[in-house]
Amino acid sequence: MEIPHKTSPSDDLAFLRALAEAGRDVPLTCGPYFLAAGLVFGAASFVAWGISQASTHFAAMAIQLVWMIAGLAYVPIVWVLNRRTDAVAGSTATINRAVATIWTGLSWGIVTMFVCSMILCWRYDSPMIWAAFPSTMLALYGAGWGATAFISRQGWLKLVTAGSFLAAITVAAATGSSYTFLIYGVLLVVLIAIPGWVLIQRRTQTA
């Protein structure tokens, strides 16, 4: 029986990069997704910040509801973007499929973590479970941007990657402050929406 060959994370990234080599000159088509996500969830964070000023148990429940609504609102946006992206030149290039695979996996991971956090909040009747959620999200975004920068060879995305990791630490340090959600919302716009807009502009310029 053949023994499966074990690979390291660096091997997996190298494999994805090799797959992307064939279409490395094709512009990334994922910009609209990031722009929409940054705006939707950034706005949700601003709303959550406003609600958090009430400092009541009801406020904690309302904040969870805000994030659920934001997530549900993003679903039809993704559906529309999928239909539009299919018609964009280069959308089926290997590099764009590789990037889409990375972020789709991260997105499902985020959804799973959100559900797990809700279950833990219900089991322990404590909103403190959510304390690490913003930092965890930013760290995951950093991982996604890092992989995207690696396979696309776009140096500016390395800055976005570093910024995401630094932002995760910053939000962790600010946890407990009345400005946590405000800071998180600003960071989502800066690290998700704006890079998405830049990717859109770069694709438009090469069209």
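Using the three backbone atoms N, Cα and C, a Cβ is placed for every residue, glycine included.
As the structure is a computational prediction, the values presented were derived from the model and not from experiment.
Look at TrEMBL and you will find 33-52 (among others) tagged as transmembrane segment. Below 8 angstroms of C-beta separation, residues 59, 62-63, 66-67, 69-70, 73-74, 77-78, 81, 103, 134, 178-182, 184-186, 188-189, 191-197, 199-200 of the same chain, each at least six residues beyond the ends of the transmembrane segment (33-52), sit close to that stretch.
Under the heading transmembrane segment, TrEMBL lists 58-81 (among others).
The annotation transmembrane segment is assigned in TrEMBL to 102-122 (among others).
Within its own chain, the transmembrane segment (128-148) has Cβ neighbours under 8 Å at 13, 16, 28, 30, 45, 60, 63-64, 99, 102-103, 106, 109-110, 113-114, 117, 120-121, 154, 157-158, 160-165, 167-169, 171-172, 175-176, 180-181, 184, 187, 191-192, 195, counting only residues six or more beyond its boundaries. Feature annotation from TrEMBL assigns transmembrane segment to 128-148 (among others).
Residues or ranges marked as transmembrane segment in TrEMBL: 181-200 (among others).
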- Mind checking which residues of the chain, 6+ beyond the ends of the transmembrane segment (102-122), have their Cβ under 8 Å from one of its Cβ atoms? 16, 30, 33, 64, 67, 71, 129-130, 133, 136-137, 140-141, 143-144, 147-148
